[in-house]
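Visitor: One structure is given below, represented as structure tokens, and several questions about it will come after.
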Amino acid sequence: MIIPVIHVKNARFHLRFLCSNANSLFQSNTKITRCFRNGDIKAALHVFDEMPVKNIVTWNCMISGFVKNGMVFDARKVFDEMPNRNVVSWTAMLDGYAKCGRLDESRALFDAMTDKNVVCWNAMLSGYVTNGRMDEARSLFDEILVKNSVTWATVIEGWFRQGRVDEARNLFDDCPFDDVLVNNTMLVGYAEMGDLESLWTLFGTMRERDVASWTTVIRCFTKSGKMVMARKLFDDMPAKDVIVWTVMIQGYVKNNQIEDARKLFDEMPNRDIVVWNSIMSGYVKNKNLEQALELFNKMPKRNIVSWNTILQGYVQEHDMLNARIFFNKIPVKDQTTWNIMICGFQSGEAFDLYYQMLQTRIKPDQVTFTGLISVCGSLAVHGWGKAMHSCAIKYAYVNDSTVVSSLISMYSKCGFMDDATIIFETTIKKDTVLWNAMIAAHSYHGSALNALKLFSSMTESGYRPDHLTFLGLLTGCAHSGMVKESWECFKSMEKNWKIHPTAEHYACMIDILGRSGMLTEAYELVKQLPVELPSYTWETLLSCCRVHENFELGELVGRKLVGTRDLNAGIGVLRSNIYAARGMWDDAANVRTLLAHRGVRKDVACSWIELKGRVFRFVYNDRSHSELEELHKMLESLSAAMEIYG
DNA sequence: CTAGGGTTAG
């Protein structure tokens, strides 16, 4: 009679013990994950070490935590030390290797696994896809017996990433899943390629659409400037999300329709902090810091992002004085706050801030290092650059491609091309940003040939160039005077890669053509320009016309420049003396009058006097006395004006 | 919101 009681008691005790144990296990595991998510590795390790009983999930949490923080080595140590492993452990480890480009190790694990499920296959597949190795991805895909919609979506996305739309489309047509996931992958792919037509037809045939689908389509429309269409879709949307409102507002902002953005913002039923911040950043982008500040003072609740947006505004105006004052007012600063300040100072002051940042126990991140390293590059201080390099290694940021890119450009700017090359070659996971940096480094050093070589190996290994790649190539060609190559480059970017040249590309191309005297070609390009060019481009072209004595084009460009009614552009006209060289004195005088209306500035007057001086000599040789006297008078009055306006 | 595959907003 007694024994069962004891038994029951024991059992009860045992059960409670187990329960509380399980409970605390559960909570500790959660804690570890959270610590890793915050990047606090020390704390995670502490929790792990203190745990009396560990579970397979615990060990798995450790693996995935290390992987998420880019610490594959430590992840592997955990993997080797754990008492037993399950599919999750293997998959997490495999994925970790894949994420940092160590595909051979991934594959070794993958091959060693005894029972694989869809997730394992997908992880391996995504490893190949994210590293641009589509051939292997494709053959792996064919081997997979049980496929998932994630499987399909992964490969489809991979083809899109390489710009192979047809492959993506073929796969999509064969795909048995009519998921939102797969459809949205297609939508995003089309959106990224800027293929509005396909996007639109697909969207029309979709059976079910979630908010993300609508949002993708609307964002794509706003991105290509079709704001009316975007708005129509937005109005048609059955259930609107705060996010869609935000996307729409940000679309207006991006297209410089700040008033429309504001109108929509005012119509919005319940505003989120994010939307407040978006409209504020719109004003900041439009260089209207006052409006942004007004909103900032009006908003019901502030966020660190709100503070950062205004701070960014000051930095953007190079008003580092007020930036600093504002910075001191920010109650709780975050990484971004410090980064904005650090990146704002393109000087040694960035380093002072960096030390202060460390004292507040805020961890520097990739952006911080990118900023600091680029400062080293532009100041060409090799020693500091190397120091920052070692810091980046210590913080394990050398897996980040922006950091590595900044290192490459820093070493190249300091004149250490060998180091730049070594870094590039030893980085296993190369992405577009990295390739761009190396190509730009070669261009910067005037070895356009190397840049072009690199470009072909980039495309051969399956990476898709972007507009920055081409900008690097073009500037390289410009420095080396390689006209033919740059022209081919320029043509192929739109034809082969469907990348529309931006104003910068056009400016670069016109610069190359102009300087090498191919003014007819430059003119052809200028004639059908789809974008608005910055006025300095016209100036450059104008001086090219002068050097190569092409007065027809010069006149055209000159008139264009006058049309821009830009003060600096006008000075360019005067400086280039095109009008005077052709004896078009009246036109030159008109330019001067135009400029005078906008306030005489010292350099304007100087240019004018310089110009006068030349003609003066010309006239003097002709011994035309009345002209001479008039010029004298003019010079005197201009000198007086110069004194007045300082 | 305990661990593995693909995504998304300043």
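Note that Cβ sites are derived from N, Cα and C of the backbone, with glycine treated the same way.
Bear in mind that TrEMBL entries carry predicted annotations, made automatically and left uncurated.
As listed in TrEMBL for this protein:
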type	residues	note
REPEAT	A:55-89	repeat 'PPR'
REPEAT	A:117-151	repeat 'PPR'
REPEAT	A:210-240	repeat 'PPR'
REPEAT	A:241-271	repeat 'PPR'
REPEAT	A:272-306	repeat 'PPR'
REPEAT	A:431-465	repeat 'PPR'
Visitor: Counting only residues 6 or more past its boundaries, what in the same chain has a CB within less than 8 Å of a CB in the repeat 'PPR' (A:117-151)?
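Guide: Cβ under 8 Å, 6 or more out: 87, 90-91, 94-95, 97-99, 101, 103, 106-107, 110, 157-159, 161-162, 164, 175, 177, 179, 181-182, 429, 431, 461-463.
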Visitor: By Cβ distance under 8 Å, which residues at least 6 away from the ends of the repeat 'PPR' (A:241-271) in the same chain are close to it?
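Guide: Distant contacts of the repeat 'PPR' (A:241-271): 211, 214-215, 218-219, 221-223, 225, 227, 230-231, 234, 278-279, 281-283, 285-286, 288.
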Visitor: With DSSP, how much of the repeat 'PPR' (A:272-306) is helix, how much strand and how much coil, in residues?
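Guide: Final tally across the stretch: 26 helix, 0 strand, 9 coil.
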Visitor: Helix, strand, coil: count each for the residues of the repeat 'PPR' (A:241-271), based on DSSP.
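Guide: Once the DSSP states are binned, the repeat 'PPR' (A:241-271) shows 23 helix, 0 strand, 8 coil.
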Visitor: Restricting to the repeat 'PPR' (A:55-89), what is the model's mean pLDDT?
Guide: 93
